[in-house]
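**Student:** Below is one structure. I have some questions about it.
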Amino acid sequence: MLKYLIFLAILISVVHSNGYMTIRLKSAFPLNVTVEVAEEVYFPTNKRSFNLQLKPNRVGFVSNIPVKFGRPGLVLVDCSPVEKFQIHRVTLRSIRWNTHVRSVASDNIFLPFTGFRYDIKCNRYWHGLHCDHFCNDDFARTINRRCTQNGTLGCLEGFHGPNCELPVPADSCKCQNGGKCVSSLENTWAQNGSLICECRLGHFEGKHCEKKSFNYFPKIEATTYATKDSHLARQFYNNSRVPNELATLPRL
């Protein structure tokens, strides 16, 4: 009974999603930026707006933005005028973010921005593609267990069995594409779990991680509003595509 109560306390499957987004921006110019995050795409709902002042060549960010997982979303970034080039406004638009891709940062970005990325993370103790499975990692470690990527309870990596005392045989799961063979309990009262392949989230899926995941990476679009027939604005627009300086940063 005690073991059942302990398992029940650290592993609960619920229908609600728990996670947040962090957006980071960088520019060579001083900019006043408005960031808008909304659920859905064609008829956005639950909009949230944030104001951000960017200093030249410094990274600014908005963090702890609550998001609803399992649904597409929309990120809009509007910046103030860049008078030097007669640019009135530039809008970055990224649609259909999904938790299959936890970090979004394209290789290139559009001036006046020199860096743009956003990262999506589950809240503490929440797991799964939609952050909708609860498993207390800290408590799991106290009983020599771990929470799997999908939010189920299992043995520490490399072990399985009723007491997690047996080494995982090298050829047990036949995982492909960097997948790991780990133990997983099907429910809170299970005594002996099964061995499954834990795939690279957002990259591969399937029983053996043999299938490449669907490409959920959203397209980032830029729209420039400038003085009509401005030669400077045209030059700016034609040379506005630059390397994204935040593309290779680690997640927060």
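From the backbone N, Cα and C atoms, a Cβ is placed for every residue, glycine too.
Pulled these features from Swiss-Prot for this protein:
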type     : residues      : note
DISULFID : CYS122-CYS131 : disulfide bond
DISULFID : CYS135-CYS147 : disulfide bond
DISULFID : CYS155-CYS164 : disulfide bond
DISULFID : CYS173-CYS181 : disulfide bond
DISULFID : CYS175-CYS197 : disulfide bond
DISULFID : CYS199-CYS209 : disulfide bond
DOMAIN   : 120-164       : domain 'DSL'
DOMAIN   : 169-210       : domain 'EGF-like'
SIGNAL   : 1-17          : signal peptide
**Student:** In whole Å, how far does the CA atom of CYS155 (disulfide bond) lie from that of CYS147 (disulfide bond)?
**Tutor:** 8
**Student:** Relative to the Cα of CYS199 (disulfide bond), which of the disulfide-bonded residues CYS131, CYS135, CYS147, CYS173, CYS175, CYS181 have a Cα no more than 10 Å away?
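**Tutor:** Final answer, ordered: CYS175, CYS181.
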**Student:** Let's check the environment of CYS175 (disulfide bond): how many other CB atoms sit within 10 Å of its CB?
**Tutor:** 21
**Student:** Between the Cα atoms of CYS173 (disulfide bond) and CYS147 (disulfide bond), what distance do you get, rounded to the nearest Å?
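**Tutor:** On Cα coordinates alone, these residues lie 19 Å apart.
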**Student:** Across the domain 'EGF-like' (169-210), what are the DSSP residue counts per state (helix, strand, coil)?
**Tutor:** 0 helix, 12 strand, 30 coil
**Student:** What are the DSSP helix, strand and coil residue counts for the domain 'DSL' (120-164)?
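**Tutor:** Summed by class, the stretch gives 6 helix, 16 strand, 23 coil.
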**Student:** Whole-number answer please: how many Å between the C-alpha atoms of CYS147 (disulfide bond) and CYS164 (disulfide bond)?
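**Tutor:** Computed Cα spacing between CYS147 (disulfide bond) and CYS164 (disulfide bond) is 14 Å.
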**Student:** Within 10 Å of CYS181 (disulfide bond) (Cα to Cα), which of the disulfide-bonded residues CYS122, CYS131, CYS135, CYS164, CYS175, CYS197 do you find?
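**Tutor:** If one measures from the Cα of CYS181 (disulfide bond), the disulfide-bonded residues that come within 10 Å are CYS175, CYS197.
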**Student:** For CYS122 (disulfide bond), which residues of its chain lie six or more apart in sequence with Cβ-Cβ distance below 8 Å?
**Tutor:** ASN18, GLY19, GLY128, CYS131
